[in-house]
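**Q** Dropping the structure in here first, questions after.
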Amino acid sequence: MFCSLRNFLHVNRRFPRHVSPSSSSLSQIQSPLCFPLSSPSPSQSSFISCPFVWFTSFLCIIRYPFVTKSGTSTYSEDFDRDWIRKVVHNDLWDDPGLEKLFDLTLAPIWVPRVLVELKEDPKLAFKFFKWSMTRNGFKHSVESYCIVAHILFCARMYYDANSVLKEMVLSKADCDVFDVLWSTRNVCVPGFGVFDALFSVLIDLGMLEEAIQCFSKMKRFRVFPKTRSCNGLLHRFAKLGKTDDVKRFFKDMIGAGARPTVFTYNIMIDCMCKEGDVEAARGLFEEMKFRGLVPDTVTYNSMIDGFGKVGRLDDTVCFFEEMKDMCCEPDVITYNALINCFCKFGKLPIGLEFYREMKGNGLKPNVVSYSTLVDAFCKEGMMQQAIKFYVDMRRVGLVPNEYTYTSLIDANCKIGNLSDAFRLGNEMLQVGVEWNVVTYTALIDGLCDAERMKEAEELFGKMDTAGVIPNLASYNALIHGFVKAKNMDRALELLNELKGRGIKPDLLLYGTFIWGLCSLEKIEAAKVVMNEMKECGIKANSLIYTTLMDAYFKSGNPTEGLHLLDEMKELDIEVTVVTFCVLIDGLCKNKLVSKAVDYFNRISNDFGLQANAAIFTAMIDGLCKDNQVEAATTLFEQMVQKGLVPDRTAYTSLMDGNFKQGNVLEALALRDKMAEIGMKLDLLAYTSLVWGLSHCNQLQKARSFLEEMIGEGIHPDEVLCISVLKKHYELGCIDEAVELQSYLMKHQLLTSDNDNALPNM
């Protein structure tokens, strides 16, 4: 109502000569708390800054005496100060004069006047203010709040002043609180600390946008908040992750002349480090020192943690050494940051050194220290060490948290030790640590890996009952389990359930479906899933394209496989050595060996890749199967010259190719080379040797390798056994054939059912 009167009567304001406001009008500032103000007119000889002042000026003309008179209900501006002090001091709240004052429609206008009369005694003014609030139907105007805030602040009653300001802001006034506070500033001896208090109150209440607007107005009137208050706003923005607002306000506060403190820089550096912008953090660190501020433990901890999390381990050590050189004592947080970053990037031994140094310096490792090391040992597969630290942790009286337990549970699940995983899970519940979504997901994943899908689904169902909402990782684990079990229908049901919960599938989930469908040779369905993924704005990666390409080659459709390679290049998707291995192997198996050779020769120039052992092996195998044994041998030699170690498959392919060409000596030389380097023959290698030698009429050697094979515990299949026996019969080696047949039946490698497959003699 009062702000409306001010606008209606064109109440304007001008500033005292001792205050130098900005030339721009306050009406330009838009705020949820803002009420438009008219601009000052130079032609006006007087001004009124608020409804209270306007009415009191008006009443100066009327000049009714402020006393109780029969037949009158109007009061003049001349209060009997002693009377009002006496009424308030003695709690004479039923005084007729006071009753009539609050019976008036203009009571909210008169109350500020009474407060001004009582300003010499701030406690009485505050007492009257609080009593007024108890009156039924009465509500203080913004002017009342502002006047009493000024009075209390001048009296250094800061706690009460802050309470009043907070209550005023929460009352959701329909006009700009700052403007009214400014217009009433001369009620007491001018002081601008109350504006900083308003700024702080807005921050404390989480009204950050309003705080920014308040700061802007303070800048216009050259009334600047304290650095401590600015730090409060920076800290709030940083906690909310509003990095852009942090940067913007830091620049504004410096521009307004605020002098940043160590705490200011600590907030900024920590914020930049959490965003991963470590170079910006370094710049602030150097700027801080340039201003003559000395970094403290918090500063160094932020720098060490920030650089450590992005893998800049050398920098973390440099900051750590500088910290000690500056006589800034590292604390447990410092060492925890160092242990974490070195463990995270696979340097567990160095992390352990920092752990020992921490203990050597008399610092006690906390739950975070132990949990970090337990997790690191688990990820390295060093379960005994992980359990040792877990036991030590309990021994020193520390209670493992959900992170500790979940690390151990996840590690046990990954090695298939589900009994210990569930034992730890039960222990976790017994000590009062609830399972979180990560715990459930680890156990579900473990059950799926063990193909215990029924139990996995039951545990998944218990999550909602326990008040734990499954996340994307939980669904990924269960869906992957069903896909691996080839139960695509149930996997699809879970996908729809996931979408119904508002969870968006990610690249991993789509990739799982594509892999599952491709393994079932449902390539078109996999293509549909891939198109859906693209529609959702998720770009397929190299692995997904490689999976689909492999499926096309295996289905005998090399054209589509090559089309996917072209698509990868068009979309700038990385063609990896894995992709290339699938390409070469797929072309060779589809009898497109010349095309495979062409791509192999272009691997460096066109794709920027170096062929690895797997690619060479695929090419060697393809050439051998295409009867190009000489080219395969040349490629084998090139492979060795490049420092690549041929594997068992490469040797077996080349050995098999030589046997097919009748090159028995070359084939046996390859077998001797395998023995020389300690490479044991497997089923395929032995099969190649036995089959090759028998078909080259080297029956004695074939029999020798067959017996060696059986002696090694490698059982030849019946096809090979019958093939060797038939060769004996073909060459007329009847006695040897009968003896061999008896030998094979003795080792249960032939049954009587196979007699029909052998020639009748």
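Here the Cβ of each residue, glycine as well, is placed from N, Cα and C on the backbone.
Feature list, courtesy of Swiss-Prot:
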type   : residues : note
REPEAT : 141-175  : repeat 'PPR 1'
REPEAT : 191-225  : repeat 'PPR 2'
REPEAT : 226-260  : repeat 'PPR 3'
REPEAT : 296-330  : repeat 'PPR 5'
REPEAT : 331-365  : repeat 'PPR 6'
REPEAT : 401-435  : repeat 'PPR 8'
REPEAT : 506-540  : repeat 'PPR 11'
REPEAT : 576-606  : repeat 'PPR 13'
REPEAT : 612-646  : repeat 'PPR 14'
REPEAT : 647-681  : repeat 'PPR 15'
REPEAT : 682-716  : repeat 'PPR 16'
REPEAT : 717-751  : repeat 'PPR 17'
**Q** What else in the chain is close to the repeat 'PPR 14' (612-646), if you only count residues 6 or more beyond its ends and a Cβ gap under 8 Å?
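**A** For the repeat 'PPR 14' (612-646), the list is 577, 580-581, 584-585, 587-589, 591, 593, 596-597, 600, 603, 653-654, 656-658, 660-661, 663, 666.
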**Q** Which residues, given as numbers and ranges, are at least 6 beyond the ends of the repeat 'PPR 5' (296-330) yet have a Cβ under 8 Å from it?
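**A** Counting only partners 6 or more residues beyond its ends, the repeat 'PPR 5' (296-330) has Cβ contacts under 8 Å with 262, 265-266, 269-270, 272-274, 276, 278, 281-282, 285, 288, 337-338, 340-342, 344-345, 347, 358, 361.
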**Q** Using DSSP, break the repeat 'PPR 2' (191-225) down into helix, strand and coil residues and give each count.
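**A** The breakdown for the repeat 'PPR 2' (191-225) reads 25 helix, 0 strand, 10 coil.
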**Q** Going along the chain, which residues at least six beyond the ends of the repeat 'PPR 3' (226-260) come within the CB cut-off of under 8 Å?
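**A** Contacts of the repeat 'PPR 3' (226-260) (Cβ under 8 Å, skipping residues fewer than 6 from its ends): 196, 199-200, 203-204, 206, 208, 211-212, 215, 219, 267-268, 270-272, 274-275, 288, 291, 293.
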**Q** DSSP says what for the repeat 'PPR 16' (682-716): how many helix, strand, coil residues?
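**A** Across the repeat 'PPR 16' (682-716), DSSP assigns the residues as follows: 26 helix, 0 strand, 9 coil.
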**Q** Please give the average pLDDT for the repeat 'PPR 5' (296-330) in this predicted model.
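**A** Reported value for the repeat 'PPR 5' (296-330) is a mean pLDDT of 95.
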